[in-house]
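Report on the following structure.
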Amino acid sequence: MVDRSYQCKDVLILAYQSFGVLFGDLSISPLYVFKSTFSGNLSNYQSEDVIFGALSLIFWTLTLLSLFKHVIILLNADDNGEGGIFALYSLLCRHAKFSLLPNHQTADEELSTYHNPRYSYRNPQSLTVKRFAERHKKAKTALLLLVLFGTCLLICVGFLTPAISIRSAIEGVKVRSSELHYGVVLIIACILLVGLFVLQHRGTYRVAFMFAPIVILWSLSIAAIGVYNILKWNPRVYKALSPYYIYTFFRDTRYDGWISIGGVLLCVTGAEAMFADLGQYTAASIRLSFFCIIYPCLVLQYMGQAAFLSKNFAAVSTSFYASIPDSLFWPVLVMATLAAIVASQSVISATFSIVKQCYAIGCFPRVKVVHKSKWFRGQIYIPEINWVLLVLCLAVTVGFRDINHLGNAYGLTYMSAMFVTTWLTALIINFVWGQSLVLALLFALFFGSIEIIFLSSSFIRISKGGWVPLVLSVIFMLIMFVWHYGSRKKYLYDFHNKVPMKQILTLGPSLGIVRVPGIGLIFTALVSGVPATFTRFLTNLPTFYQVAVFVCEKTVLVPYVPQKERYLIGRIGPKSFRMYRCIVRNGYKDVQKNEDDFENDLIMSIAEFIQLEAEGSGTLEGSVDGRMAVVRTSEKFGKRLEISELERNGEASSSMPPTILNSSKSHILQYLQSTYEMESPGSTLRRRVRFKLQPDMNYRDPNVKDELLELVEAKQSGVAYVLGHSHIKAKMNAPCLKRFMIHVAYLFLRKNCRAPAVVLNIPQTCLIEVGMNYYL
């Protein structure tokens with residue numbers, strides 16, 4: 001009973017918090033739905049039946065697409081609690097071989113977040129379709145393109161939502177100040193938009209507590225205004241909830257009515273956010289918020305506007321603000337502006353998350369992802385995307401003088417994204433949930449047909465603003481596909497040109513070179529074998545560090561990888577070679593930690609692997625893939641080495657400082673490094689630690705102690721990062737299209753994105769770049 005009360009309390013708290021993130025966009029739709037619906041020739045039909053018909057369309061669209069599709073059905077298609085298009089794609093790739101990620105391992109399937117017991121049922125009827133898609137690479141590519149197109153549409157939502165919401169809220173001023181110039185409204189809207197985007201880098205943790213009360217107060221206010229208008233103007237408006245009025249609407253308006261439903265679909269803009277941001281809340285909390293507050297408040301508001309318009313049709317262009325009682329006008333205007341800002345903030349944050357997910361699976365150029373410890377979990381900031389969104393947002397705000405054109409673009413974008421989600425959900429029903437193909441087709445045909453009707457109306461308005469998001473979505477998708485194509489070809493070149501292990505073993509423990517103190521981290525995309533970058537380095541400079549670690553950072557198609565399962569450690573060659581492999585597995589929503597934390601985690605993981613390997617593979621806890629093992633699941637992890645914090649002057653902060661190990665660097669190099677660190681603001685914040693062996697640790701094999709001591713000494717001597725500096729070229733006999741994609745498009749993206757060292761936050765004094773020519 002106590003547990004049940006705690007669960008109810010948690011659901012209520014999450015339901016309250018969800019208002020400020022999930023429902024801002026959906027709750028401000030009444031600002032422009034009726035205005036956009038009656039913006040065309042439908043304004044010539046000034047009858048109560050037409051008003052009631054439009055209300056009936058809005059009510060049933062909101063009910064079918066928001067309530068039934070998203071709240072009741074789609075919230076069940078979560079990926080370990082996460083939602084969105086990438087969650088659907090991840091589920092499909094894990095239950096069928098649809099993924100195009102090249103470095104998949106069997107050990108990845110042993111992650112605790114990889115399999116969900118709810119989706120363990122397999123339907124034999126779906127095997128035929130699944131095998132067909134798995135055998136044909138074109139089917140996999142088509143699925144990826146569909147997902148990328150859906151994400152590009154949502155990126156467009158990232159700049160359309162602030163533009164239409166804030167501008168619609170500000171335009172309410174003209175209702176009371178008709179002599180106010182149109183340019184003044186634009187200037188105010190642009191100032192708010194610039195301020196919104198400029199402050200993104202500071203995060204929302206200080207003001208986020210205000211978001212939920214703003215949206216709740218706004219929702220209750222518009223509901224109260226709706227009840228007021230129903231009682232004052234037309235209490236019979238409840239009859240419009242009957243679908244019969246949809247029939248009379250199209251019977252009376254015919255073609256003009258069909259064109260106008262492109263404005264009706266604006267009532268569900270924001271419904272996709274309930275599923276996309278599912279990871280921050282729970283399905284139960286979202287359903288509670290929607291059923292108890294959002295849905296009834298929106299229905300009452302739309303009914304109130306319809307009741308007002310049935311008696312005041314001339315005010316249809318300003319129906320929302322015109323229906324507000326005079327004494328409440330300015331407070332409601334302020335609340336509308338605040339609600340629009342909250343809705344815009346949520347959409348911008350969601351856009352950052354979408355871009356980060358695309359980048360994680362190799363479908364977006366390298367960008368800087370910023371996450372601060374005091375921010376909320378999952379909240380990130382991407383500077384490049386922020387400024388692109390600001391420019392596009394200002395462009396459409398100023399460029400579309402008619403806000404109805406902005407509504408056309410917004411509605412078409414959202415409905416297209418919902419159509420993509422519908423077909424991905426149909427695949428989930430068949431492949432993941434194990435339901436029959438007939439049920440999946442019924443879902444796709446029922447909701448897809450509704451969305452196609454709305455899309456057909458929106459496509460008529462392409463020349464009136466709808467072309468903007470489509471063109472930009474195609475451009476974004478081409479950028480993503482070109483980057484994915486070039487990255488995949490580059491990986492395949494590395495894979496086919498990796499050095500055979502026999503060649504490495506014949507060189508002996510010294511590798512035929514001089515081994516110097518220190519640790520060399522060789523970054524590679526390969527999960528097996530030795531990359532050609534390493535041998536090219538040895539060819540040009542026949543020396544390397546005494547400890548070599550081949551590091552592969554890769555993305556597994558799960559939202560998050562638990563920290564204790566993240567590092568997969570193994571050995572390359574005999575123990576005397578002192579060569580290790582570390583595979584760092586991240587989920588598509590994981591945020592990378594600081595570089596110094598990575599160094600320390602890596603050393604602790606290698607030390608644990610050395611000890612567990614000596615104790616025997618039978619004592620290893622966790623999954624093992626050949627000579628690779630997940631070592632952080634061991635109960636003794638972190639107890640093999642003693643770690644102490646260092647002060648800025650190099651002294652250990654521990655009460656029992658370990659023995660000072662001298663660095664192998666010359667005095668000149670040490671002076672240059674200290675000078676660089678003093679001049680670089682970021683390097684002074686690096687966490688400095690020192691390792692030493694536990695004094696009371698017993699070792700069965702004395703060689704283990706020697707190897708651990710060598711590892712500690714190498715860490716004290718310094719860590720260097722070895723990255724490949726690739727020069728991409730197409731083969732001479734490559735087709736013209738391939739040469740264009742590589743020589744022009746892919747190289748342009750590579751030259752204008754962040755360098756790998758910047759993304760990994762590697763100090764320049766620790767970086768070694770090895771030039772490589774790639775002929776793709």
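Placed from the backbone N, Cα and C atoms, the Cβ positions cover glycine too.
Note that the structure is predicted; figures quoted are calculated from it, not measured.
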Open item on the list: Under TrEMBL, the annotation transmembrane segment belongs to which of these stretches: 84-103, 504-523, 524-543, 704-723?
Closed with: 504-523
- [ ] May I ask you to check whether the transmembrane segment (412-433) and the transmembrane segment (440-460) make contact, with contact taken as at least three Cβ pairs under 8 Å and only pairs 6 or more apart in sequence counted?
- [x] yes
Open item on the list: Give the nonlocal contacts of the transmembrane segment (50-68) in its own chain as ranges (CB under 8 Å, at least six residues past its ends).
Closed with: 26, 33-34, 37-38, 42, 237, 239-246, 248-250, 252-253, 257, 260-261, 264-265, 267-268, 271, 274, 290, 295, 298-299, 302-303, 306, 309-310, 313, 418, 447, 450-451, 454
Task: Cβ-Cβ under 8 Å with the transmembrane segment (12-34): same-chain residues at least 6 beyond its ends - done: 54, 58, 66, 161, 164-165, 168-169, 208, 210-216, 218-219, 222, 263-264, 266-271, 273-274, 277, 280-282, 285-286, 288-290, 293-294, 297-298, 301-302, 305-306, 309, 316, 319-320, 336, 339-340, 342-347, 403, 407
TODO: Please figure out which one of 141-160, 211-231, 380-400, 440-460 racks up the most CB pairs under 8 Å against the transmembrane segment (466-483).
DONE: 141-160
- [ ] Would you confirm whether the transmembrane segment (328-348) and the transmembrane segment (440-460) meet the contact rule of 3 or more C-beta pairs below 8 angstroms, pairs 6 or more apart in sequence?
- [x] no
- [ ] Any chance you could find the range in 141-160, 211-231, 380-400, 440-460 with the most Cβ pairs under 8 Å to the transmembrane segment (180-199)?
- [x] 380-400
